[in-house]
Amino acid sequence: MNPFQKNESKETLFSPVSIEEVPPRPPSPPKKPSPTICGSNYPLSIAFIVVNEFCERFSYYGMKAVLILYFLYFLHWNEDTSTSIYHAFSSLCYFTPILGAAIADSWLGKFKTIIYLSLVYVLGHVIKSLGALPILGGQVVHTVLSLIGLSLIALGTGGIKPCVAAFGGDQFEEKHAEERTRYFSVFYLSINAGSLISTFITPMLRGDVQCFGEDCYALAFGVPGLLMVIALVVFAMGSKIYNKPPPEGNIVAQVFKCIWFAMSNRFKNRSGDIPKRQHWLDWAAEKYPKQLIMDVKALTRVLFLYIPLPMFWALLDQQGSRWTLQAIRMNRNLGFFVLQPDQMQVLNPLLVLIFIPLFDFVIYRLVSKCGINFSSLRKMAVGMILACLAFAVAAAVEIKINEMAPAQSGPQEVFLQVLNLADDEVKVTVVGNENNSLLIESIKSFQKTPHYSKLHLKTKSQDFHFHLKYHNLSLYTEHSVQEKNWYSLVIREDGNSISSMMVKDTESKTTNGMTTVRFVNTLHKDVNISLSTDTSLNVGEDYGVSAYRTVQRGEYPAVHCRTEDKNFSLNLGLLDFGAAYLFVITNNTNQGLQAWKIEDIPANKMSIAWQLPQYALVTAGEVMFSVTGLEFSYSQAPSSMKSVLQAAWLLTIAVGNIIVLVVAQFSGLVQWAEFILFSCLLLVICLIFSIMGYYYVPVKTEDMRGPADKHIPHIQGNMIKLETKKTKL
């Protein structure tokens with residue numbers, strides 16, 4: 001026998017295994033050569049696929065960038081509910097790829113799956129955009145449309161996720177493997193380009209464009225929806241030149257069936273009289289080929305290492321939720337540019353593009369030259385540690401923000417400030433045993449107390465008695481307050497005397513990071529104030545008080561106002577991020593109509609640039625963890641199991657988002673404590689993963705050979721050497 005013939009027969013063991021009997025197919029007619037790009041070896045069809053991927057990623061990441069703020073300020077959910085729904089949507093996006101792969105491999109094929117699920121994707125965007133129109137129904141309608149739209153988007157984006165890249169690879173012939181590798185580099189570059197551009201542009205569409213008098217969420221969702229329509233049209237345009245391989249069977253389903261049969265067969269044959277087998281998967285040998293069983297054994301070794309991985313994704317995916325909510329309460333003016341809070345997410349794809357070559361060509365090589373064995377599992381562990389540090393930094397930033405913010409009123413407490421709008425100073429004291437030491441200094445005309453004073457209540461609501469001393473007059477007044485609120489006691493002239501009114505202020509911090517304003521009108525006529533083209537309010541005569549209005553941050557040098565017989569302008573000055581202002585409209589004999597500006601709540605002082613370290617740390621951790629982890633997984637399992645590994649990898653991301661959902665909904669912790677909790681949890685998981693990695697024995701390529709290789713020792717020595725060299729090659 002010719003020994004080389006025996007070697008050739010062994011190589012068939014590396015082909016994907018199918019457990020079903022496939023009838024012989026009739027010979028297919030010779031294929032026409034596919035058109036190429038400028039005469040190269042690159043099929044023209046990949047141009048349509050790359051453009052499709054760019055537009056789809058723009059659509060997905062652009063919509064997702066503004067999603068948390070949409071929940072918070074359009075649907076008026078609280079921060080915990082908004083975070084939970086955000087991560088529930090993210091989790092669903094990573095569960096549905098399994099469904100998409102099953103449809104493509106077992107039923108429709110990749111091309112039809114992409115087309116049909118893209119239609120579902122577009123429909124989801126349309127419904128989502130309609131749900132963001134303020135004129136279309138109430139909050140219940142908006143909520144229902146939003147949830148339906150997000151469910152369809154999750155099905156669409158997840159369903160096509162495993163198909164598009166693989167379909168692009170199908171366009172190449174086997175002899176053009178080098179061109180196929182370069183194609184995948186361009187493909188993933190298009191993903192990052194779409195993410196980078198969309199996370200920068202869509203927050204601007206939301207915050208810088210006003211529609212219906214508020215942030216334009218309908219436009220911020222509509223533009224990504226339009227990009228998805230373009231993605232679908234471009235992909236369909238290449239239909240006639242695509243190579244469309246038929247469905248070949250779903251390897252993920254085969255693996256699950258093999259594992260289930262092994263477990264059930266082992267349970268049926270649990271009697272002590274039946275001989276034991278070397279591995280529990282060997283109980284599937286009655287039904288499944290040996291090669292498939294060996295591949296699944298190699299797969300399960302890698303999947304065991306996947307158990308701790310979801311915790312890393314739980315931290316990484318909070319960039320779009322908790323970190324964006326943190327950015328809301330920071331000063332976003334960088335001097336040369338004013339950022340939207342959801343634009344900070346652009347740092348992640350930008351830093352990924354910088355860090356990947358930096359780590360590959362600089363850091364890893366320097367570590368290698370130092371003689372350190374920086375294995376794949378060690379890189380992943382270091383990536384986890386970097387994510388821990390990122391959340392520790394985020395916690396420190398959160399604590400500093402809280403220190404700069406006004407104190408929170410607790411049970412049976414209120415905060416009170418006094419505004420003196422009389423023409424002379426007024427002395428105000430609180431009549432009562434434990435609060436009489438407050439407000440002991442006189443307040444000059446058109447001044448206010450330097451800060452809010454805390455008053456203690458005996459019950460949840462209480463009547464307070466105040467003593468007012470003005471000129472030779474001594475007056476007593478009574479006002480009712482409720483716990484956990486902020487109030488302003490306004491002293492005003494009333495003929496030759498004075499009177500007072502109690503006005504409830506906004507909460508201790510503005511939740512949307514924008515400016516809120518309200519007005520007190522001391523004139524004897526109603527005043528209409530136009531804050532913008534879409535925002536105006538009326539303030540009643542004789543010390544009427546308006547409600548709070550949210551406006552864009554910026555300079556307001558000439559705000560148009562009018563009474564029934566006069567038009568005039570007010571200079572409001574700079575209205576900064578996160579501040580709450582009170583403007584008192586007065587008629588000064590010498591200076592005419594003007595507005596006295598009072599800052600109820602100070603502006604955000606901490607710069608958003610302080611988020612840069614946490615973004616840099618978590619992105620560096622992502623590069624070390626994600627890129628290395630998938631590469632390591634592929635090196636440790638047979639090529640026939642790569643699609644199963646990809647599905648399992650996506651499932652770890654889905655589970656990570658579920659962890660965030662549970663913690664946000666049920667932990668009840670303040671934000672900085674929640675950041676510390678996640679950091680500590682990942683640190684513990686990192687220790688467990690390090691122990692698992694320490695005892696893990698990496699599989700070499702030559703160890704993943706078929707069972708026929710076991711018989712090599714029976715061949716003569718020269719043949720053994722030949723086979724060993726061939727395997728290494």
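Any Cβ shown, glycine's included, is placed from N, Cα and C.
If you check TrEMBL, you get these features:
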COMPBIAS  24-33  compositional bias 'Pro residues'
REGION    1-34  region 'Disordered'
TRANSMEM  58-78  transmembrane segment
TRANSMEM  84-104  transmembrane segment
TRANSMEM  116-137  transmembrane segment
TRANSMEM  143-164  transmembrane segment
TRANSMEM  185-205  transmembrane segment
TRANSMEM  217-237  transmembrane segment
TRANSMEM  298-316  transmembrane segment
TRANSMEM  346-367  transmembrane segment
TRANSMEM  379-397  transmembrane segment
TRANSMEM  647-669  transmembrane segment
TRANSMEM  675-697  transmembrane segment
Does the transmembrane segment (346-367) come close to the transmembrane segment (185-205), meaning at least 3 CB pairs under 8 Å for residues 6 or more apart? yes
How about the transmembrane segment (379-397) and the transmembrane segment (143-164): at least 3 CB pairs under 8 Å, pairs 6 or more apart in sequence, or not? no
Have the transmembrane segment (143-164) and the transmembrane segment (298-316) got at least three CB pairs under 8 Å, pairs 6 or more apart in sequence? no
So which of 84-104, 116-137, 298-316, 346-367 is most in touch with the transmembrane segment (217-237), counting Cβ pairs under 8 Å? 116-137
Could you give the residue numbers and ranges of same-chain residues that sit at least 6 residues beyond the transmembrane segment (346-367) on either side and whose C-beta is under 8 angstroms from one of its C-beta atoms? 192, 195-196, 199-200, 319, 374, 612, 615-616, 618-620, 622-624, 627
So what's near the transmembrane segment (84-104) in sequence-distant terms, Cβ-Cβ under 8 Å and 6+ beyond its ends? 64, 67-68, 71, 77, 110, 113, 117, 150-151, 153-155, 157-163, 247, 250, 252-253, 317, 320-321, 643, 647, 650-651, 653-655, 657-658, 660-661, 664-665
May I ask for the residues of the chain that lie six or more residues beyond the transmembrane segment (116-137) and have a Cβ under 8 Å from a Cβ within it? 56, 59, 63, 70, 74, 100, 103, 108, 143-146, 148-157, 159-160, 212, 214, 217-218, 220-222, 224-225, 228-229, 231-232, 235
